[in-house]
Ligand code: FES
Ligand SMILES: [Fe+2]
């Protein structure tokens, strides 16, 4: 049933839901990669999942979420080392539905140039829109895309910050549909806050976004942290649902990247090298259910 | 139909300094007016990352994309890329434009190069009433109004002389831009009549 | 008497209350409520404030209000000495209440369509999308009539709480895929509401409006 999926997507780990959404004894049905998956937690607390036609699929529970792999896992679930530091607080924001390719969501997450316009007065101001040069690399050993030395001036970079700062960012694409950033922590400039966006691609042009925040922030309530992230994500969602086409084009001339888009250029190149087609314009013919894609 | 003039709105609903989405024959377009009132019709897609430009905003004589603030001039050319303040955008960076004209309180557009003939004239004694969305394709609406191939028809309705401009939106929707003839007719009562007409068209034209 | 709003940034009803508080220039304290994903509105503590779980909740001294219509009416009656947001003259007041109840009645299908699009929240409305579109068409018709009468707002020349109640339904419609392309009077009216002194925006309200 998963044979038509390319290995780069079939054998990768994808988020299914938050751990908290699955109580002991509960089961729920979710859409992943155009398949129905039933995920359940037994009385002992162990999570399992199967395709609706019966085949069991590999699952992992980590980082406050449940992950699944529809094929044979090509690698262990990506490691987020900061989860081992016990002075950090985890806030999970829950699922937001977005009518767009999950790949578009990742690309938006990697992008700093939109801060002044989409997150005006929160993550950027119109007076300071410049994106200084940053570095980008595809790390072959771990098969990840990294953007480093990213800097951007921000008026209110986190739930805990009241004034502006030159924020420093590291971006990390850990899977085709999993991305995170490490960002100057207002409470302790020697360490980074971690913000992640895990995407469940339900259809090529329909995604569920699960954001999480792993912060060193003792002052803000968990609800305040979640509300801040939800605010940011809903601002992005307007853009994501109104990009045309809804699927990500991999053809180099389909859109117009500039130097600020180096991370997106690298991400697209990486997707292409891996043979990712799900959620791309090029994969449209291969996957049935992308009706309504203009 | 493609290539000919199609009505896309009432002039009064497109004041200076705003951008508005227009769906014509299934195509997503953006109509916008500079601060000075110059009217333009662009493809509703930013060449940078594909964002719909109708979500942007007008600053002076430029249409600014919501996503990264790229500025587009009335000629379709890119004026500025805020992430790179030093960069002069290349001349080749343009948004596709479409022909747009105003006549008698209506805005007309053409998807091709724009016909040589001007859009249809409206009589001098018309007043704009409203735009009515209809949940039926334009050919069904045209047939119900006996409009044939014409995009602009006059219709007597409950004693009012209505001028109806039919906009094909997409496979299931159209818009009627309604004007009223005659200086003494009550516009509010005429709008009642136009809405009653819409109700009738939708009832009769609804697929069984 | 200090005002406290139990609030969720993404709630359309909470936004209605924030709009009114902003337009009336009233200082207030926000208490964030974890509606999604935490379902705090289902906890006994929240139900003590809001028996149905409706949010937001406005607290002013002993007064605890959890119906958005009551919140808007109370704020206008108690905190608008000029009496423009809810006119006192009976006919104008009745017209305002008529549009207010429309905004909080049929037009609320827009909120259901939005909650479904964002969070797949189930609704009592059978087909939220169809009902939301139908209600927006009624809003367009009401506004077209006001325009022909030379009036800029839902209940007359001046904005009232009816406009504040209706605004989030229209302005957040892009969240469920409705771009108002076929509703020009609605688009122009949302621009007028945006331009009012004391206006506050929220995520989802597009810049173009
Ligand atoms: S998509 Fe328009 S400026 Fe980037
Ligand atoms: Fe963003």
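Quick reminder: no glycine exception, Cβ is built from N, Cα and C everywhere.
These numbers come from a predicted model, not from an experiment.
Noted in TrEMBL for the protein shown:
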- C:1-83: domain 'GST N-terminal' (DOMAIN)
- C:89-209: domain 'GST C-terminal' (DOMAIN)
For the domain 'GST N-terminal' (C:1-83), jot down how many residues DSSP puts in helix, in strand and in coil.
33 helix, 16 strand, 34 coil
Just give the helix, strand and coil counts over the domain 'GST C-terminal' (C:89-209), going by DSSP.
76 helix, 2 strand, 43 coil
Along the domain 'GST C-terminal' (C:89-209), what average pLDDT does this model show?
96
